[in-house]
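This report refers to the structure that appears directly beneath it.
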Amino acid sequence: MEKRDMGKPVLFAEMLASHHDTGSNYLNAKKGFLSWLFTVDHKRIGVMYFVAISVFFLVGGFFAILLRAELMQERIVNATANSYMISADHYNEAFTFHGSIMVFLVIIPSIPATLGNFLLPLMIGAKDVAFPKLNLMSFHIYIVGAIFLVYTIAFGGLDTGWTFYTPYSTETSTSVVAAVFGAFILGFSSILTGLNFIVTVHKMRAPGMTWVKMPLFVWAIYATSVIQVLATPVLAVTLVLVAMERLLGIGIFDSSLGGDPILFQNFFWFYSHPAVYIMILPGFGVISELITTHSRKSIFGYKAVAISSIGIAVIGFFVWGHHMFTSGQSAFATVFFSFLTYAVAVPTAIKVFSWVATLYKGSISFTTPMCYALVFLFLFLIGGLTGIFLGAISTDVHLHNTYFVVAHFHYVMMGGTLIAWIGAIFHWWPKITGKKYSEVWGRISAVVVFLGFNLTFFPQFVMGTRGMPRRYYDYLPEYYNFHLLSTIGSFVLSIGLFMVLFIWLHSIFFGKNETSSNPWKAKSIDWTDTAVVPIEHNFEKQPISTHGPYDFDEIVKPAHSSGGH
């Protein structure tokens with residue numbers, strides 16, 4: 001029996017590898033904490049991102065529960081400072097921590113950093129990304145930026161909201177500079193990752209893999225990477241300007257110093273709306289993979305779906321002004337941005353119709369990944385349709401800065417991106433870990449998450465239409481029942497997410513080894529040409545792309561295509 005030095009940290013992956021009898025693979029090729037910390041293997045880097053993002057997800061989720069628990073308390077007329085669980089100032093800090101952590105440390109990097117790193121080279125038949133050392137540096141930069149951002153939780157706090165709106169962010173006594181510096185550093189991680197992926201897709205595809213043979217997940221990551229490289233520098237410059245105004249008193253955004261706060265909004269949203277597509281585009285790619293594989297059917301309209309990813313990335317740069325309908329911008333600008341908001345919905349709708357058409361008469365297996373894909377479809381559809389109201393000037397004026405916006409944002413970002421991320425982890429779990437998990441509990445977790453999510457956020461649509469402002473610590477008694485329902489839903493949602501965590505941990509420590517290198521009978525190279533757990537350099541021999549990633553015709557014949565199971 002192998003002896004282990006108990007003085008050294010033990011990674012989950014090391015423990016996983018120690019239980020594996022499938023031969024050499026990326027998990028057991030090298031041992032020790034330092035072999036992971038300084039690895040240039042894209043798969044190990046993806047796993048480290050996964051662990052870090054999961055931890056930050058728990059931290060951000062804690063603050064979400066804290067907020068909901070506070071809002072569940074019935075509001076008291078003439079309440080004192082001790083009437084509620086937390087004070088108004090701490091409430092402001094809590095929703096800022098929640099938003100900043102979930103946006104910058106979880107949602108934006110969730111799919112690109114974890115699955116993009118792990119899967120991109122595997123899907124295109126490459127041995128690694130184009131710049132392995134740059135990839136490792138991107139992870140280290142992410143951790144450094146995260147430390148600075150989390151630092152604000154322990155020292156000084158932060159109460160500006162995740163948007164850092166000026167002039168408040170230049171006047172508050174909280175730790176804005178540390179948070180801004182952390183977000184600035186995180187931007188470099190995003191830029192370098194995007195640049196790496198773009199070069200990898202262009203230069204390292206396997207022989208025979210043309211652009212129209214690439215998996216749609218690769219198309220989505222490619223489009224996302226373009227946004228990361230082009231949009232993130234704008235945020236970096238904006239944050240530097242905020243720090244300069246705060247530290248040096250230079251009048252850039254503060255009108256009392258000769259600046260313009262609307263300039264900040266233009267700069268910030270020029271990045272942050274494309275950032276919405278950094279968050280959701282990889283999720284679109286994931287859903288295309290899950291639906292085709294688990295319905296045993298080729299994607300409907302491959303080229304249209306692929307081009308729509310690029311279309312979203314391009315049009316997404318020209319819609320930032322719809323966040324500013326009430327800011328006093330010109331009537332022409334308002335109408336222009338409203339029109340483009342509807343225009344960007346067209347390529348998104350192409351994807352949704354493609355997924356539904358792919359499901360039609362497919363041989364659907366209700367596996368855990370497929371259940372999460374269906375949850376995504378329902379939640380994202382609600383998020384997308386409610387976005388129509390916010391894109392229309394007449395309704396946005398009334399719904400701006402209400403709980404309607406909060407609900408819409410969460411239906412798209414959590415109901416879209418994070419649900420897709422969870423479904424993707426379940427789908428590629430056998431390839432990442434070489435372990436099996438409980439399908440029964442996986443399906444149950446999807447149902448619990450679905451119910452808890454809708455109970456949490458659907459009442460917020462109603463509150464928003466009735467005028468409940470977002471970010472408010474106090475509220476009128478008429479909104480109490482809606483907040484109560486929303487908080488109960490958040491507890492149910494938390495149970496569902498902890499079930500997911502339990503399933504993953506149980507699989508790591510007690511799960512049976514996966515024996516098939518392609519348990520889903522998928523057709524893409526990441527499944528067909530790799531071992532149960534990929535080896536360190538991915539492939540025993542250079543794969544050659546001879547067919548598309550969704551050629552399921554020989555598996556499901558037309559005569560049997562109407563069946564389901």
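Cβ from N, Cα, C; glycine included.
According to TrEMBL:
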- 30-546: domain 'Cytochrome oxidase subunit I profile' (DOMAIN)
- 47-67: transmembrane segment (TRANSMEM)
- 101-124: transmembrane segment (TRANSMEM)
- 136-156: transmembrane segment (TRANSMEM)
- 176-199: transmembrane segment (TRANSMEM)
- 219-243: transmembrane segment (TRANSMEM)
- 263-287: transmembrane segment (TRANSMEM)
- 299-320: transmembrane segment (TRANSMEM)
- 332-360: transmembrane segment (TRANSMEM)
- 372-393: transmembrane segment (TRANSMEM)
- 405-428: transmembrane segment (TRANSMEM)
- 440-462: transmembrane segment (TRANSMEM)
- 482-505: transmembrane segment (TRANSMEM)
Per Cβ pairs under 8 Å, the stretch of 47-67, 176-199, 263-287, 299-320 packing most closely against the transmembrane segment (101-124): 47-67
Spatial neighbours of the transmembrane segment (263-287) far in sequence, C-beta under 8 Å, 6+ residues away: 103, 107-108, 110-112, 115-116, 163-166, 190, 215-221, 223-224, 227-228, 230-232, 234-235, 237-238, 241-242, 252-253, 309, 312-313, 316-317, 319-324, 327, 351, 355, 373, 376-377, 412-413, 416-417, 419-421, 423-424, 427
Remote residues contacting the transmembrane segment (299-320) - C-beta distance under 8 A, at least 6 residues beyond either end: 211-212, 214, 216, 219-220, 222-224, 226-227, 230-231, 266, 269-270, 272-274, 276-277, 281, 284-285, 288, 291-292, 337, 340-341, 343-344, 346-348, 350-351, 353-355, 357-358, 548, 550
When counting Cβ pairs under 8 Å to the transmembrane segment (482-505), the leader among 47-67, 136-156, 372-393, 405-428, 440-462: 440-462
Closest-packing stretch to the transmembrane segment (405-428), where packing means Cβ pairs under 8 Å, from 47-67, 176-199, 219-243, 332-360, 372-393: 372-393
